[in-house]
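**Q** Sharing a structure, written as structure tokens. Questions coming.
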Amino acid sequence: MQFDYIIIGAGSAGNVLATRLTEDPNTTVLLLEAGGPDYRFDFRTQMPAALAFPLQGKRYNWAYETEPEPFMNNRRMECGRGKGLGGSSLINGMCYIRGNALDLDNWAQEPGLENWSYLDCLPYYRKAETRDVGENDYHGGDGPVSVTTSKPGVNPLFEAMIEAGVQAGYPRTDDLNGYQQEGFGPMDRTVTPHGRRASTARGYLDQAKSRPNLTIRTHAMTDHIFFDGKRAVGVEWLEGDSTIPTRAAANKEVLLCAGAIASPQILQRSGVGNAELLAEFDIPLVHELPGVGENLQDHLEMYLQYECKEPVSLYPALQWWNQPKIGAEWLFGGTGVGASNHFEAGGFIRSREEFAWPNIQYHFLPVAINYNGSNAVKEHGFQCHVGSMRSPSRGHVRIKSRDPHQHPAILFNYMSHEQDWQEFRDAIRITREIMHQPALDQYRGREISPGVECQTDEQLDEFVRNHAETAFHPCGTCKMGYDEMAVVDAEGRVHGLEGLRVVDASIMPQIITGNLNATTIMIGEKMADMIRGKDALPRSTARYFVANGMPVRAKKMSRDVN
């Protein structure tokens, strides 16, 4: 089999590339996906409110685990990644958050990455998006990904939480992806107008999969990329339960889009990476690149949970006897509780003036429950997810075997810097102050977690060690740049090799301020033009907010927590 391009991974970026490259009817593409189809009648992936279900099994989730995390009481922590058409866009929380403009401007400060500034990238965010309230300077109106805005009156807790943030002295923003990210406001979601998950399989592949020049293989586990000298010339994979490899040749390029955990593994199995690691497994060295699998980053978060004094939370939706009605309303009408991920409000703040742009993110949820659906509080409640955005901690992904079915050694080194601890202490204390604003008085009951007895630095630190969880945002393991630890250049081309690019969240040099999916899709759109040799979209002229030393909040808290 021969194709012009072979794409490994039908995820948030891979599906973008498959769709854009096959717009040229003379270009042939093979898209390999280790998981299965995105079954449209499976409520677990298609119903926004069911977002916890895919994380509880292994049909759609790689269900990786970390090595014992040394600064987290040696816990082995979850590292869920999407498996199936759509990749992690098939199982994520559907929060459409792009990050802060200064994240991308910060990338562009690196020599050679000047074309990755915010205004260079904004046209590609817009190209990917159809926002339900129409386009403007920041948002698209005819892109493949449906974005739904929060509507008034969905749940009184959303507006109360936003208002509490404003009463605490922080800004209000009407669009976390618009002129000003900093502040509290409604959160956009990747949900269709009919209440379905807007994965990249739905948005992109649906328009491309019938093209004769696109071949899609599911249940195709990539073993390795093979080379002719320093040129990538094809891919070998295992189909289904077969132990006999299948191979195909790439006439132009192999495009690695397997994500921040799998992309470095595939490179390492293919002979690209740290020479000592490869020698350990008798893998012939094709090209030494010490940065492969290093620079691993993530967002860590924790929940502050409160009893809700009024019966307005989503607690009744967790009762089995209410779920058939919710399911029917969603299935036949695309409306109701099932049609939202219920992350409809949130915010970004600077915890201290030393940060030039927000370093803390909030997701508000009108129920008290773990992200993966476990440990639901058996009463009306609500919670704040809060976490730091740009931790200096760095980890790694390293193969433990040549077997593609063997999970790698993953270590994030969460909380390995003093800055991490300071940010989480600040975040918990600021959150408590926000929760004690007048806007929440009629709803706020007792603090369920961490609990009012948890006050000192030592107590807060111990709570974080035992209870903080991943936000499922790994990135950085094939970083873009030109230093000795960089893996790809500004166009995703792997240093020292030909015919091979990496296009996914692994190329992010530094993690962004917010959820990763929207930016991963943008990376796919921007790289697609580069691969096709097309001129970049014209640079945007939109204005964007820069704090420039402004106070982190307009006034002191209006009341003390206690």
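Glycine is treated like the rest: Cβ placed from N, Cα and C.
I grabbed these lines from Swiss-Prot:
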BINDING   4-33  FAD binding site
ACT_SITE  HIS473  active site, proton acceptor
**Q** Using a 10 Å cut-off on Cβ-Cβ distances across all protein chains shown, tell me which of the binding-site residues (SER12, THR28) has the largest neighbour count.
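**A** The residue with the most neighbouring Cβ atoms within 10 Å is SER12.
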**Q** Please list, in sequence order, the residues in the chain of VAL16 (FAD binding site) that are at least six apart in sequence and whose C-beta is under 8 Å away from its C-beta.
**A** ALA128, THR200, TYR204, ILE521, GLY524, GLU525, ALA528
**Q** Compared by Cα position, which of the binding-site residues ASP4, SER12, ARG20, ASP24, LEU32 is the closest one to HIS473 (active site, proton acceptor)?
**A** SER12
**Q** Helix, strand or coil for SER12 (FAD binding site)? Use DSSP.
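**A** The residue in question, SER12 (FAD binding site), is coil (DSSP, three-state).
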**Q** Could you check what DSSP calls the residue listed as 'active site, proton acceptor' once collapsed to helix, strand or coil?
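**A** DSSP assigns the residue listed as 'active site, proton acceptor' to coil.
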**Q** At a 10 Å cut-off from the C-beta of LEU32 (FAD binding site), count the other C-beta atoms across all protein chains.
**A** 25
**Q** Given a separation of at least six residues and a C-beta threshold under 8 Å, show me what packs close to ASP4 (FAD binding site) in the same chain.
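**A** Non-local contacts for ASP4 (FAD binding site): LEU21, THR27, THR28, VAL29, ALA250, ASN251, LYS252, GLU253.
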**Q** Tell me the Cβ neighbour count for ILE8 (FAD binding site), meaning other Cβ atoms within 10 Å of its Cβ, over all protein chains shown.
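**A** Around the Cβ of ILE8 (FAD binding site), 27 other Cβ atoms lie within 10 Å.
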